Every structure is written in C-alpha cells, then in structure tokens.
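Sequence annotations record features per position, and here TrEMBL assigns transmembrane segment to B:6-28, B:40-62, B:68-93, B:105-125, B:137-164, B:245-264, B:307-331. Taken from TrEMBL, the feature domain 'PDGLE' applies to B:244-333.
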Amino acid sequence: MGAGHHHQLYRPGDTVVHRLPPQCKLPAVAAFAVVVVATPRDAFWAFGVYALLLAGVAAAARVPARFVLRRMVVEVPFVVFALALPVIGLGARVEVLGVSLSVEGLWAAWNILAKATLGVVASILLAATTEPRMMLLGARRLRLPQTLVQIAMFMLRYMDVILDEMRRMRVARESRGFAARDVRQLPVLAKSAGALFIRSYERGERVHLAMLSRGYNGSMPIIDDVGASAASWAVAAVLPVAALATAALSWSLS
Amino acid sequence: MHVPDGFFNAAVSIAAGAFAAAGLGVCLRRARRELDDRTAPMAGLVAAFIFAVQMLNFPVAAGTSGHLLGGTLAAVLVGPYTAVLCVAVVLLVQGFFFADGGLTALGVNITLMAIVTAAVGWFVFRLVVRLAPRARAAIPVAAFLGAVVSVPAAALVFTVLFWIGGTAPIDISSVALAMGGVHVLIGLGEGLITALTVSSVLAVRPDLVYGARGLTAPLVLRTAGGDTFVAPEPPPAPARSIRPLLVGGAVVAVLLAGVVSFYASSSPDGLEKVAGDKGLNAQERGHALGGSPLADYGVKGVGDERLAVGVAGVAGVGITVLAGGAVFYTVRRRARQPAKAGA
C-alpha cells in the first residue's frame with residue numbers, strides 16, 4: 001500500500017489543534033454538536049456564528065476547505081431528503097418560482113441541513129486532526145468502558161486488512177466475469193460474505209492466541225499515555241463555550 | 001439509514017442516548033460471558049467484518065441496490081450480545097471517524113441499528129428454531145425470517161421516535177408508509193443475503209455459528225465392542241430465567257402506555273386525520289365495540305380526560321399482554337407435546 005502509514009482520514013500536522021490531547025477534543029466536539037442541535041432554528045445568525053467558529057478551527061488546524069468539502073459527500077442522502085421536505089411537507093403553502101412549497105417543510109429542511117452540516121464538519125475536523133489511535137486513547141482516558149474501547153481498537157487496526165481481503169475476493173470474482181446485476185447473483189455475494197466471516201473469525205482467534213503468548217491478561221498495556229493540563233482543557237473549551245454563549249443569546253432573543 | 005444531527009429534537013436524542021448506553025452496559029457484561037477474555041479481539045474482528053459487509057452492495061430491484069445492516073447476521077453468527085456490541089462499535093467509528101451519522105444522533109442510531117435489529121432478529125430466530133424441527137436446514141430459514149422482520153421493526157421504531165420528536169412536518173402515516181414500504185423491500189434483501197451467508201458458513205464451519213449450537217450430532221465411537229455415543233458438550237451459557245426481562249418489559253410498557261398517553265396530544269392520529277380529510281369516515285359505522293368501556297381510548301366514568309386516557313392505555317397494555325401470553329402459551333404447549341411423545 002503506497003498511501004503512506006497514516007490513515008486517509010487523518011491529515012498529519014503540528015498545529016495547536018493537532019497537539020491538543022484527544023480527551024479534551026472529544027468532549028469539546030460532542031458538546032458543540034449538542035449545543036448546535038439545541039439552537040432554535042429561526043436564529044439564522046447563530047448558525048452563521050457556528051460556521052465561523054468551525055472555519056476558525058479549520059484555519060488554526062490548516063485543514064484546507066477542499067479536503068473538508070470532499071469528505072462531506074457522506075451527507076448527500078440526507079441532503080436529498082431535506083430538499084424533498086418542502087414539497088411533501090404539510091401545513092401552509094407558499095409559491096416560490098411557481099412551485100407550491102410547504103412553509104413548515106422549508107423550515108424543517110433548513111433546520112436539518114444547517115445542523116447536520118455543522119455536525120458533519122465538526123466530526124470531519126476532529127478526525128482530520130486526531131490520529132485514530134490517539135482518539136481511542138482519549139476515549140479510554142475519558143473512562144469509557146474498557147472492553148468497548150478495545151473492540152474499537154481492534155476494529156480500526158484490522159479494518160484495512162479485512163477490507164483488503166474483501167477487495168481481493170471482489171477482484172477474483174470480477175476477473176471471472178462476475179457482475180451483480182439482479183437477485184440471482186445474491187448466492188455468490190453471500191458466499192463471499194460467509195468466507196469473509198470465517199476468515200475474520202479465524203484471524204481473530206489467531207490474534208488472540210498471539211496476544212496470549214505475549215502476556216495479554218484482558219487489558220491492554222498503556223505505552224504512551226497523554227496527560228492533559230488545565231491549559232489544554234481551556235484551549236479545547238473555547239469552541240463549545242463560544243457556541244454555548246451564542247446559543248444562550250439566541251434563546252434569550254427568541 | 002444513519003440519522004444526522006438535527007433530525008430529532010434534543011429530548012429524544014438524549015433519551016435514546018441513555019437507552020443505548022444502558023443497553024450497551026448490559027451487552028458488555030453478557031458478551032463477556034459469551035466470549036470471556038477473547039471478547040475484545042473477537043468482537044473487534046467481527047466488527048471489522050460487519051463494517052466490510054456493509055459496503056457490499058447487492059441489487060434489490062430494477063437498478064437500485066441496498067446494503068446489509070448486519071444486525072441479525074451478527075446475532076446468528078456470534079450471539080446477540082456480542083452482535084449489539086459489534087454493530088454499536090461500527091456505528092461509533094462511523095460517527096467519529098467518517099462523520100457518517102450525527103454525534104448527537106448516536107443514541108438513536110445505536111438503538112435502531114444495533115439494539116433493535118439484533119434483539120428482534122435474534123428473538124424471531126430463536127422462536128423459529130424452537131418451533132421448527134431440530135435440523136440444520138432450519139437455521140438459514142430462521143435467519144431469513146429474523147432478518148426480514150428485524151429491518152421493518154427498526155423502521156417502525158424510527159417512525160415512533162419521529163412521531164415523538166421528529167423535526168420535519170410530515171404526516172406520520174406517510175412516514176410510516178414510506179419507511180415501512182421501503183424497509184420491507186430492504187428487509188427481504190437483507191433476509192436473503194443473511195440466510196445465504198449463514199448457510200454458507202454452516203456448510204464450512206458449523207461450529208462457528210452461534211445460533212446452531214446444540215445441533216451438533218453426538219459423536220459415535222465405533223469399536224470392536226460396539227458403538228458408544230459421546231453426547232456433545234452442552235452449550236456453555238446456562239439457560240437463564242427470562243423473568244427479569246419480562247418484568248422489565250412489562251414495567252416499561254405500562255409506564256409508556258400510562259404516562260405517555262397521559263401527556264399525548266388529543267389531536268387525531270395520522271390515519272384518523274387522513275380519513276377525516278378525505279371524507280373516508282362519512283360512511284364509517286360505529287365500531288362493533290363502540291359501546292365498550294375502553295371505546296376510543298377513554299374510560300367511561302373517569303372524569304379527567306387525561307387520566308382516563310392514561311388508565312385506558314394501561315388497561316390496553318394489560319389486555320394485549322394477556323392475549324399475547326395466551327397465544328404464546330398455546331404455541332409453546334403445541335411445540336412441547338410432540339417432543340414429549342417422541343421421548
């Protein structure tokens with residue numbers, strides 16, 4: 001794999017945002033998302049402020065806009081749904097360019113589009129500035145259940161291996177002239193899935209035995225632990241606190 | 001089906017988050033019993049498998065394709081508790097690393113796609129396996145039925161959540177119809193591919209299929225002195241009493257029926273509304289039970305309207321539980337009688 005040794009979601013860098021300990025960044029992003037969702041939808045200016053805040057974080061982390069935009073593709077299905085809302089919504093209708101649209105539907109579409117986009121951009125920035133491994137160390141520092149963190153660790157570590165196995169099987173299928181056209185091809189796909197399960201499960205058993213032979217006793221040793229100083233907590237709190245102030249203002253105004 | 005931020009209001013998001021956290025807590029403890037210290041590596045690899053399999057697009061009908069949710073598949077292959085953990089980890093990773101599904105909607109996503117699909121799928125699977133003859137051929141059929149039911153069940157729970165705290169102004173009956181219709185189709189595809197996958201694993205490594213434990217044939221040692229049968233090891237998980245589950249479910253149902261209907265608005269529900277708008281109920285005759293004490297969800301003789309609706313809700317749940325219990329009891333007795341006759 002010539003793509004280098006870092007994950008494609010992660011953009012290596014050495015900025016303030018990159019250097020923040022993960023256990024500060026995770027709650028900051030989660031709190032930001034909660035504040036955005038709790039903002040009343042008619043406070044247009046508040047969403048503008050949120051967007052500016054995220055733009056500020058992106059600029060500080062030197063993440064180019066093109067990178068963020070390319071990764072925002074995951075949002076497309078819900079954008080389609082949101083665009084359909086004004087047409088199928090209930091309630092009073094208005095004429096816009098000769099099309100009858102529902103007022104409530106327009107509000108709901110705006111609400112979902114604005115909040116979902118802000119949430120997606122915040123997660124993209126988090127993933128772009130935090131190494132996957134560090135993110136899980138942060139989750140562990142936040143005292144998430146250890147088993148859950150370990151499962152996520154193993155999943156991330158072996159995800160590329162399993163995806164590669166699946167890719168090899170796909171190449172093998174297609175080089176024999178296979179194309180999934182309709183339901184009759186399902187048995188072939190299902191056999192691939194079954195083979196993939198057996199390979200994953202057996203690899204899991206091998207990994208477990210290899211770990212046992214290296215002294216695994218149910219918990220992972222911590223090699224590089226990252227402590228967080230009060231200063232880094234304060235820096236990480238800038239985003240959610242600024243968002244909370246904006247939201248508080250919008251609540252008092254509405 | 002990944003719900004983004006802003007789709008549900010804050011109250012529903014937080015409630016679903018609390019429910020998902022509680023569910024994960026239970027599953028963490030039970031999964032350790034299913035897998036002991038192998039939990040982390042095994043569940044991690046199975047989670048990676050589910051992540052990969054969700055990328056496997058299969059053709060549904062005329063040009064559209066769907067992908068697997070994998071809740072039932074995982075439940076049949078590795079057991080229900082591990083399955084919930086695996087799918088939940090997949091959703092967490094998708095939310096935090098791939099920005100797929102909102103962070104505030106994680107609770108809703110985990111509830112719908114991990115807990116509901118695995119629990120409903122596993123329940124239906126076990127029910128069918130128990131009623132069907134003890135044969136290996138019954139396992140894929142049961143997996144098919146479990147997966148077919150689990151996907152519309154998740155869509156149904158989505159509709160209920162949407163009814164409580166959705167932010168879009170769509171008629172709830174059209175949501176139910178659209179979600180239900182699409183997800184019955186997706187469910188059929190999911191069921192087919194789940195059944196075929198389970199049967200292909202069953203053909204190669206039957207010992208890996210959690211749902212087929214206990215179907216192992218006894219080992220026969222053929223010696224000069226005659227045949228000796230060595231009974232297979234009993235499944236390690238002891239049969240637990242389902243009483244706590246039943247009591248908990250009953251408490252939740254009664255609370256929901258009593259408290260929620262106490263506060264529910266008295267506006268007509270979607271179907272009644274559509275019926276009223278379109279003049280469908282012009283010819284509607286009184287229901288045969290229109291004069292019964294529970295007619296139109298209110299108890300006669302109880303003055304306060306909200307209280308009356310609440311009492312009617314609790315009574316409705318009671319009647320439903322009694323009727324369902326009676327059906328279940330008869331089915332179970334039927335299933336047991338041939339077994340006794342054979343023994």
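Glycine is no exception: its Cβ is also placed from the backbone N, Cα and C atoms.
Unlike curated records, TrEMBL annotations are generated automatically.
If one looks beyond the transmembrane segment (B:68-93) by at least 6 residues along the same chain, the residues whose Cβ comes under 8 Å of a Cβ in the stretch are 1-2, 20, 23-24, 26-28, 30-31, 33-35, 39, 42-44, 46-47, 50-51, 53-54, 56, 58, 101, 106, 109-110, 113-119, 121-122, 125, 139, 142-143, 146-147, 150-151, 154, 190, 193-194, 197-198, 201, 208-211. Packing against the transmembrane segment (B:6-28) from elsewhere in the chain are residues 81-82, 84-85, 88, 102, 104-108, 110-111, 114-115, 161-162, 164-168: each is 6 or more residues past its ends and has a CB under 8 Å from a CB in it. Beyond the transmembrane segment (B:137-164), the same-chain residues lying 6 or more positions past its ends with a Cβ under 8 Å from any Cβ of the stretch are 1, 3, 8, 12, 16, 69, 71-73, 75-76, 108, 111-113, 116-118, 120-126, 128-129, 172, 175-176, 179-180, 182-184, 186-188, 190-192, 194-196, 198-199, 202, 209, 211-212, 215.
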